[in-house]
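Feature list (source: TrEMBL):
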BINDING   25, 26, 27, 28, 29, 30, 31, 32  ATP binding site
DOMAIN    1-94  domain 'Kinesin motor'
């Protein structure tokens, strides 16, 4: 349900606007699950995979247009920052 609320936000990204999703809350409140979800069943996919699907489907359908897509996915926990799209998700960023 949340994805549909954010759909217009993702649509703006495909039109050239920057977009940010920020999940905040106490430990165990469901932030990671909301953002990542699980692959199977597909109804349990999180915001991140759904957003990427939408963005890349829009890019594929666009005619005579070039796109540069950049994404970052960070976790901030106890003042430590980790890049969740990096090869080593355990490495702390400075």
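Every residue, even glycine, has its Cβ placed from backbone N, Cα and C.
Sequence features annotated in TrEMBL and their locations in the structure.
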{"residue": "25", "record": "ATP binding site", "CB count, 10 Å": "9"}
{"residue": "26", "record": "ATP binding site", "CB count, 10 Å": "6"}
{"residue": "27", "record": "ATP binding site", "CB count, 10 Å": "7"}
{"residue": "28", "record": "ATP binding site", "CB count, 10 Å": "7"}
{"residue": "29", "record": "ATP binding site", "CB count, 10 Å": "11"}
{"residue": "30", "record": "ATP binding site", "CB count, 10 Å": "9"}
{"residue": "31", "record": "ATP binding site", "CB count, 10 Å": "16"}
{"residue": "32", "record": "ATP binding site", "CB count, 10 Å": "13"}
Helix, strand or coil at residue 32 (ATP binding site) [DSSP, three-state]: helix
Three-state composition of the domain 'Kinesin motor' (1-94), taking helix and strand from DSSP: 37 helix, 12 strand, 45 coil
